[in-house]
Amino acid sequence: MSHCACARFQLHRARGRKKGLSSFEHGAFLVRFACHGSVLNEKGYIEMDAIIMDGKNLDSGAVSAVRNIANPIKLARLVMEKTDHMLLTCEGATLFAKAQGIPETPNDTLITERSRKRWMKNLKENSNPIADQIGLGTVGAVAIDCEGNMACATSTGGLTNKMVGRVGDTACIGSGGYADNNVGAVSTTGHGESIMKVILARLILHYMEQGKSPEEAADAGLNYMKSRVEGTGGAIIVNSSGDWTAKFSTNQMSWAAVKDDQLHIGIYHGENNVIPLEKAL
Ligand SMILES: NC(=O)C[C@H](N)C(=O)O
């Protein structure tokens, strides 16, 4: 069994080996999950959604609409590992974070000039088309280890100028991500309301259960979302054989994958730049 990892957005070089959700030891890169630099809601705050799922036992943890948390994906993992629940939101998530010793991070220190400018621009009436809201800062990862264990994780600030308290696809199991050792792992990005309408991550896995490859399943899922609800987005996928793909119906999606000591990177359609891992480190 080969091991493989695929991620969207903001890669960091790892120093040495990293341990993942179970025994994923390939650890050639780290993914920095969303928060710093995320998009702002209508009031100028960062409110984050995040989900993580362990394909071995279908355990998962999620948080939604959390504020002042530097790494919401870590909080989602704590929900999975330390509670009997799967999703904590707002104040409850904040209280849980406190109880777990996660420090509050002031909103201002999480905001970048780029996201503030975008927020200001989009405040003007009719200046916030959906296409402009997608694409900043949602990150995700899928991985399979040498024992066939799979996992997915996704985190996001959502859509620019979203309403306060809006919860998107990312926090919703089966929409923002799903992992099942029997089939594969998926992490999605794109217009959250569209993704939720078609439950995109689970839909893609459903197509894989019917015998489609990750690439065919991604195309089928994204095409269905486009034709049925006019939604665009993207997905990174790995199946139980370690085959992976990164597909999107948006103009671009930054992604990277590692398999068999090769690093693959792309942004635009049809791109797949391959670099030996040792040269990338
Ligand atoms: N860029 C994104 O992926 C946004 C995210 N899916 C949301 O709607 O919350």
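Positions of Cβ are set from backbone N, Cα and C atoms, glycine also.
The feature active site, nucleophile is assigned by TrEMBL to THR138. What TrEMBL lists as substrate binding site is ARG166, VAL167, GLY168, ASP169, THR189, GLY190, HIS191, GLY192.
Shown here: features listed in TrEMBL, placed on the structure.
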residue	record	CB count, 10 Å
THR138	active site, nucleophile	31
ARG166	substrate binding site	17
VAL167	substrate binding site	20
GLY168	substrate binding site	24
ASP169	substrate binding site	31
THR189	substrate binding site	30
GLY190	substrate binding site	26
HIS191	substrate binding site	22
GLY192	substrate binding site	29
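Residues listed for substrate, ARG166, VAL167, GLY168, ASP169, THR189, GLY190, HIS191, GLY192, cover a largest CA to CA span of 16 Å. With a cut-off of 6 Å between Cβ and the nearest atom of ligand 1, the recorded positions THR138, ARG166, GLY190, GLY192 reduce to THR138, GLY190, GLY192. Taking CA atoms as the reference points, ASP169 (substrate binding site) and THR138 (active site, nucleophile) are 11 Å apart. On the backbone, the CA of GLY190 (substrate binding site) and the CA of the residue listed as 'active site, nucleophile' stand 8 Å apart. THR189 (substrate binding site) sits 7 Å from THR138 (active site, nucleophile), counting Cα to Cα. In this structure, the C-alpha atom of GLY168 (substrate binding site) lies 11 angstrom from that of THR138 (active site, nucleophile). A distance of 11 Å separates the Cα atom of GLY192 (substrate binding site) from that of THR138 (active site, nucleophile). With respect to THR138 (active site, nucleophile), the closest of these binding-site residues in Cα terms is HIS191, chosen from ARG166, VAL167, HIS191.
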